[in-house]
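Some features that TrEMBL has for this protein:
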COMPBIAS  88-115  compositional bias 'Basic and acidic residues'
REGION    1-30  region 'Disordered'
REGION    42-63  region 'Disordered'
REGION    77-115  region 'Disordered'
Amino acid sequence: MDTPPSIRRQYASPPRESSDQRRRRLANRRAAKYRHFRSLASASDPVVELQRQQNTRRQRERRSLLDNEARDRLRAQNRRRQQLRRQNLSDRAKAEIRQKQRERQRERRQTLDNEAREELRARERLRVRRRRRQLKRQQELDEEDTLLPVQLQLLQPLVTDRDRLPQLRLAPELPTLRQHQEQQRQREMQNRLPFGGDEGHDVLVAACDPATAAVLDTRAGKCHISGVTYGC
């Protein structure tokens, strides 16, 4: 009998395979083919169905005697085997598997009492909440990865201006901090002078010129004696 297409796809030859791996793969392929045709031949046999139920019951009893660590290790092993098997299945086979799982879950829930059913519902709600948190966290991480290049592009002009600041400070047309402080100090001194305004500025400018200083002193004396303001 020919090998079914699903088993042929499941145990297809990989690109690189050693002799030991090929021997194990072909042995597993023959075993899967044997189980497939045996299940088809004995699907309607009540004796085979009874034996399958007994095997399932004994397997559950053995698992109930295991501790938590061994049970978790066995579940992880079965989960990996199921994932590898389902990777090569067709869409139709996957849909059939999901339908069978729903039917088995429905049958198990019908045999449960109210307390066990509530516990199962609580675990299902917890699983859904955990899955939603994982999806939300993954979505936030994806949004951060998407916005990061945009933020870097927005920060580039700021970095460029910051790099240009030393050149702007060294520009000759802009006063330095010391020059600004000196100009501020001169303006404060001008405001304290009795002449005020531009006259005080003329006094500071003409301080080094003796002729101009003498004229300003004469004008200041006349303003003081006669009380008349000459442009003061």
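From the backbone N, Cα and C atoms, a Cβ is placed for every residue, glycine too.
Beyond its flanks by at least six residues, the compositional bias 'Basic and acidic residues' (88-115) meets 6, 9-10, 12 of its own chain at Cβ-Cβ distances under 8 Å. Only residues 6 or more beyond the boundaries of the region 'Disordered' (1-30), in the same chain, are considered here, and those with a CB under 8 A from a CB of the stretch are 36-37, 85, 88-90, 93.
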